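Visitor: Below are the features listed in TrEMBL for this protein:
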- A:6-25: transmembrane segment (TRANSMEM)
- A:32-55: transmembrane segment (TRANSMEM)
- A:67-86: transmembrane segment (TRANSMEM)
- A:118-138: transmembrane segment (TRANSMEM)
- A:186-204: transmembrane segment (TRANSMEM)
- A:211-231: transmembrane segment (TRANSMEM)
- A:243-264: transmembrane segment (TRANSMEM)
Amino acid sequence: MTLAVFFGCAFIAFGPAFALFVFTIAKDPLRVIILIAGAFFWLLSLLLSSLVWFIAIKASNSQDLTLQRGLLIFGVFFSVLLQEVFRFTYYRLLRKATEGLAAITDDDGSAISVRQMAYVAGLGFGIMSGAFSMINVLSDSLGPGTVGIFGDSQYYFITADMPSSKIFRRVKTNLKSSSLIQKMRALMTLALTLLHTFWGVLFFEGCEKSCWWVIAAVVSLHLLVAGLSLLNPLYEGSLPPVYGITLLMGVWAFFSSGGSLHSLNALCTRRKAEGESS
Amino acid sequence: MNTSDSEEDSYNERSSLVQCESPTIPSYNQDHDMSLPQETDTKRRRPVSSGLDEPGPVERERASTPDGEEEELTLKYGAKHVIMLFIPVTLCMVVVVATIKSVSFYTEKTSQRLIYTPFEEDPNYVGQRLLYSLLNTMVMISVIVVMTIILVVLYKYRCYKFIHGWLILSSLMLLFWFSFMYLGEVFKTYNVAMDYPTLAMIIWNFGVVGMICIHWKGPLRLQQAYLIVISALMALIFIKYLPEWSAWVILGAISIYDLIAVLCPKGPLRMLVETAQERNEPIFPALIYSSAMVWMVGMADSSNPDSADERLRNEGGALAQEGVESEDDAAQGGRRRCSAEEDLEEDRGVKLGLGDFIFYSVLVGKAAATGGDWNTTLACFVAILIGLCLTLLLLAIFKKALPALPISITFGLVFYFSTDNLVRPFMDSLAAHQYYI
């Protein structure tokens with residue numbers, strides 16, 4: 001069962017991202033570099049926000065659970081804001097480096113456009129964010145001492161200390177609910193990966209055109225999604241709205257980056273035409 | 001297991017330098033005849049470069065010429081070469097991490113230590129542990145410095161046979177003994193029954209083909225694969241036998257040493273590069289991972305009996321800390337280079353020393369071994385790749401041999417310690433509540 005859960009959750013969470021990588025990014029070395037740099041920037045933002053949270057935790061009373069939880073929620077929102085700040089920083093860096101990037105591509109290869117960079121950067125953010133959410137869960141589902149052996153009781157260790165967090169890793173949950181949690185986690189990770197990609201496109205587009213309301217919308221939607229996740233484990237409250245937002249973002253990003261119903265139509269008819277002619 | 005000196009050589013092969021495929025420097029310095037197929041740049045650059053007759057500071061010449069396209073061209077070996085190095089570095093790290101996570105042998109602590117880290121760390125006394133790890137580091141670094149200086153001296157006085165013998169011995173040890181150990185542990189982990197005759201066959205074939213590929217001729221991909229495998233094996237040995245804190249301090253100290261050795265005018269590695277460039281020799285072709293070498297069978301073997309001077313120009317020093325290979329290797333390297341030139345093949349790619357592979361993998365492997373948190377491993381991996389990317393960018397700008405360790409190891413260490421101590425509790429708390437950021 002654990003192997004099935006492992007593969008299922010892995011494919012749910014990373015399947016689309018992997019497909020996007022293989023089909024659109026893997027062949028172009030410059031895009032791979034931009035992807036990894038995007039992942040690096042997300043990591044930096046996470047690092048700084050963890051630092052702030054850690055300092056807050058250490059400075060506060062560790063016995064007061066409500067305070068700890070409040071600080072964690074503050075950490076969540078601060079992290080979201082910092083991620084957007086770093087997205088903006090990455091945008092500025094890429095803009096500055098555009099000429100240099102054009103120089104290091106192959107002579108016959110096309111230089112990368114801002115829209116492509118936006119997509120790749122967003123995907124980089126998304127992949128890293130997804131990996132950080134999912135990888136530990138996935139490895140735990142494979143490892144020995146599988147979750148759920150010990151029956152119905154649920155323990156959540158909500159501490160910040162490192163040794164205790166090692167204990168946390170042996171979360172004992174209900175056998176039935178553990179794989180549910182992992183599946184929900186995988187679905188949420190998938191949604192976040194796609195969201196980061198779309199937000200990347202929209203954010204860069206907004207920065208390019210100096211449409212500050214677009215940027216504000218992206219930031220507030222990110223905050224909204226993080227806020228919705230605060231409703232967990234009531235997954236009915238968080239997952240459907242998040243997926244709704246994902247769809248909305250997808251459509252918006254598509255139209256914002258130059259797609260239109262006409263081009264969709266052309267794509268379908270051309271495929272049909274190619275199918276007929278071959 | 002106390003290792004012998006030949007193992008020392010293997011990690012003396014640690015080349016901290018990223019080979020700059022800087023064809024401009026040797027070719028314009030040595031050759032005044034532009035029409036000769038030098039070990040040059042891409043075919044694009046050749047027509048451009050033929051216009052310039054002056055050897056010497058070509059880059060400046062180029063920059064000053066009115067066609068900005070030349071300046072553009074000199075940067076053009078960028079993104080593709082970065083990826084050509086990302087892939088082997090990633091593969092090496094994946095092999096090391098996969099082994100660490102599955103074969104418990106390499107994470108078991110033993111009382112055996114390398115002779116280069118004689119002080120044993122006692123986990124009970126923090127101050128003493130810190131002191132001993134510093135002392136271990138000093139011992140290790142001084143051993144490495146001494147070895148490098150010996151190699152430089154040997155190279156300067158053209159004791160190629162000695163160096164070659166030394167290198168052959170160390171590759172033998174890696175390819176036969178360490179892979180035998182590795183295979184044994186893998187079989188133990190997966191409970192695979194294996195008889196000695198079959199094992200002997202496997203190891204024998206693996207080792208012999210490896211020796212041929214690395215020290216003589218072989219298909220490029222196979223040679224690259226073998227270099228990756230021996231780097232991974234070496235890294236695993238380090239991960240097992242270096243004490244905890246010593247390993248981290250050694251990583252930091254090695255990058256500082258690398259920086260000094262390559263960039264200081266009197267640094268041993270820099271002297272090595274310059275000597276090799278003066279003699280137009282390839283430097284340690286068997287101990288450097290090269291990303292694009294065209295192998296042409298039936299290339300002129302007449303270069304073989306020639307002395308070292310006749311050998312083709314080096315590719316621009318990917319410095320290893322070893323001395324030069326023997327004539328065979330150099331000739332082989334020469335052959336390879338010759339073929340690459342005459343093929344009018346595109347740019348020959350970048351070279352990275354095996355020591356860089358080893359220490360990158362040691363960092364990521366140690367991150368994977370301690371704590372068992374995949375986030376830390378992933379963070380170190382991304383950090384090292386970004387460091388490598390930045391190093392290659394600097395290489396593209398400065399066009400001379402550069403140390404590949406400092407930036408990557410610094411990023412790796414920073415990310416390791418911060419992810420382990422700051423990000424991990426944060427992510428664990430988030431996961432406990434199922435909050436998503």
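Note: Cβ is positioned from N, Cα and C throughout, glycine not excepted.
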Visitor: How about long-range neighbours of the transmembrane segment (A:32-55): same chain, 6 or more residues beyond its ends, C-beta under 8 Å?
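Guide: Same-chain contacts beyond the flanks: 21, 25-26, 71-72, 74-75, 78-79, 82-83, 85-87, 89-90, 94, 112, 117, 120-125, 127-129, 132, 160, 200.
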Visitor: Considering only Cβ pairs within less than 8 angstroms, which of the stretches A:6-25, A:67-86, A:118-138, A:186-204, A:243-264 has the most against the transmembrane segment (A:211-231)?
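Guide: Per the Cβ count, the answer is A:67-86.
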Visitor: Between the transmembrane segment (A:186-204) and the stretches A:6-25, A:67-86, A:118-138, A:243-264, work out which stretch tops the count of Cβ pairs under 8 Å.
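Guide: Highest pair count goes to A:118-138.
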